[in-house]
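Accompanying notes for the structure given below.
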C-alpha cells in the first residue's frame with residue numbers, strides 16, 4: 001500500500017508540472033510575438049533610451065567610398081570630332097566617417113540633426129595613389145561654353161580670349177587628389193570676381209570638395225515615439241518640406257527617410273524610399289529577393305529600371321526633364337547649371353546608344369547595379385552598395401575655340417560606390433539580441449508545450465493501468481471461485497452415485 005500511495009503522489013506531481021509547462025507554452029505562443037514586436041518598436045525609435053540610438057547617432061559600420069575615374073585616351077581626337085575613348089582607373093578607396101551633431105528633439109515628435117562626413121584615403125585597399133594623373137573634361141570650361149551658346153558672338157570671343165589667357169583647355173590633366181578635393185583655378189577667381197554668386201564655391205574646385213568635413217544639410221525626421229507610423233520619415237530638409245529644383249510637385253517632394261533606417265516589419269510588398277541631397281531628389285528602391293547576411297535574414301532592395309528613365313519611358317519622371325536619352329538624369333538645376341547627368345555606372349540600365357557612343361564602357365548588372373540588404377524585422381541595413389555615375393554633356397559651341405569640333409556626347413567623368421556592411425562585435429550583438437534570442441523563445445514555447453503534454457499523459461496512463469490491474473484481479477478471482485465450486489460438485493456426485501471401489505479407484509487416479 002505504501003508503494004502504491006507513493007507512485008500516485010509522483011504521477012500526480014508529474015501531471016501538475018506537465019500542466020504548468022503546457023499552460024506556459026500556450027501563453028508563450030500567444031504572447032511572445034507581441035512581446036517581440038513591442039521590444040522592436042521600443043528599440044528602433046529615435047530615443048536616447050532605445051538600444052539603437054547610439055548606432056543611429058554615430059554609425060558603427062565602416063563605410064567606404066570607392067571612386068573610379070574615366071581617363072580620356074584621345075583628348076585631342078575628341079576636339080577634332082573623334083569618338084571618345086576612355087579607360088577606367090581605380091578604385092581609389094576612402095574610409096568614410098559619419099557622425100551626427102546638433103541633435104535637437106522637437107515638440108512635434110521630430111528630431112533635427114546635422115550629419116558630418118569626412119574621408120581618409122586607404123592606400124592598401126586602392127588600386128593607385130592620389131598622386132595618379134587623370135585626363136578628364138574641364139568641367140568649368142565646357143560648362144561655361146554651354147551656358148554661352150546662345151549669347152552674342154562678341155561675348156563668346158571675349159570668353160575664348162579669357163580661356164586662352166588663363167591657359168584653359170577643353171581637357172585637363174589633374175591628380176586624383178586634385179579632382180576629388182579641389183584645385184586652385186584662376187578661372188574660378190575670375191568668375192567670382194565679375195559674376196558673384198554664380199558659383200556655389202569660392203575657393204578650390206573639386207568633385208567631392210563640398211562633401212569632406214561638411215554636413216549634408218539639416219534633416220528633421222520623425223522619431224516614432226508618439227506616432228510610430230511615421231518613424232524615420234523626413235519631415236523637412238533645410239527647413240523645407242519640398243525642394244524647387246524640378247518641374248512638378250511630385251518630383252520636388254521630399255519622401256521617405258534620410259537613408260539610414262526604415263520602418264520595421266517589412267514585407268516583400270514594402271519599398272525603400274529616401275531623400276538624397278547629393279542627387280537633389282527622393283529615390284525609391286524595390287524588393288528583389290530574400291537572403292541571409294551573417295546569419296541574419298535580409299530583404300534585398302534594388303533600383304527599378306525606371307529610376308533614371310526619361311519622361312517618355314516613365315511619365316512620372318517628366319518633372320525631372322529636360323531629358324536626353326532614357327537612363328540618365330539631368331541634375332544641372334541643382335549643380336550650378338552645369339550640364340551634369342546622374343546614372344548607373346557605365347550607363348547600365350540606360351539607352352544602349354549612350355554606352356555605344358563612348359569606347360571603353362561595359363555595363364553589366366553584377367558590377368554596376370546597386371542594392372541594400374535590410375533586416376526586415378527592424379528596418380536596419382545590414383549590407384549596402386550604392387553605385388552612381390556622374391557624366392558631362394559636351395559638344396562644340398560655335399564661337400568658342402576651345403570646344404573645337406567636339407561631337408555631342410554624354411561623357412562619363414567618374415563613378416563611385418558607397419558601401420558598408422555590419423561586422424565584428426556589432427554584428428554579433430545584433431545577431432544575439434534580434435535573431436538568436438527570438439529564435440530560442442520561438443522553439444522554447446513549443447518544447448514546453450510538447451513536454452507538458454507528455455508529462456500530462458503519465459498520470460493518465462498510470463490511472464488506466466491501475467484500473468486494468470483491478471479488473472484482471474477481479475476476473476481471475478471470480479474464475480477461481482467457479483472452478484472450486486465445479487470440483488466440489490463433481491466430487492459429491494462421485495461419492496453418491498458410484499460404487500465404493502470405483503470411488504477408490506477414481507481417487508487413486
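Cβ coordinates are placed from backbone N, Cα and C, and glycine is handled just like the others.
Annotated N-linked glycosylation site per Swiss-Prot: 102, 108, 173, 212, 227, 255, 310, 330, 383, in sequence order. Residues or ranges marked as topological domain 'Cytoplasmic' in Swiss-Prot (evidence: sequence analysis): 1-11, 462-509. Positions annotated as topological domain 'Extracellular' by Swiss-Prot, on the basis of sequence analysis: 33-440. Among the features that Swiss-Prot reports, transmembrane segment is placed at 12-32, 441-461.
Positions of the features from Swiss-Prot, shown on the structure.
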residue	record	CB count, 10 Å
102	N-linked glycosylation site	11
108	N-linked glycosylation site	11
173	N-linked glycosylation site	14
212	N-linked glycosylation site	17
227	N-linked glycosylation site	12
255	N-linked glycosylation site	15
310	N-linked glycosylation site	23
330	N-linked glycosylation site	20
383	N-linked glycosylation site	20
Work out how many Å separate residue 212 (N-linked glycosylation site) and residue 102 (N-linked glycosylation site) at their Cα atoms, rounded off.
18
Which residues of the same chain, at least 6 past either end of the transmembrane segment (441-461), have a Cβ under 8 Å from a Cβ in it?
11-12, 14-15, 17-26, 28-29, 32, 36
Where the distance is taken from Cα to Cα, which of the glycosylation sites 102, 255, 330 turns out closest to residue 173 (N-linked glycosylation site)?
330
Taking DSSP three-state, what's residue 102 (N-linked glycosylation site) in: helix, strand or coil?
strand
Take the C-alpha atoms of residue 310 (N-linked glycosylation site) and residue 330 (N-linked glycosylation site) and report the distance between them in angstrom, rounded.
10
Inter-residue C-alpha distance, residue 330 (N-linked glycosylation site) and residue 108 (N-linked glycosylation site) (nearest angstrom):
36
Which glycosylation sites (102, 108, 227, 255) fall within 10 Å of residue 383 (N-linked glycosylation site) by Cα distance?
none
Per DSSP, three-state class assigned to residue 255 (N-linked glycosylation site):
coil
Rounded mean pLDDT for the residues that make up the topological domain 'Extracellular' (33-440):
91
Given residue 108 (N-linked glycosylation site) and residue 102 (N-linked glycosylation site), what distance in Å do their CA atoms have, once rounded to a whole number?
17
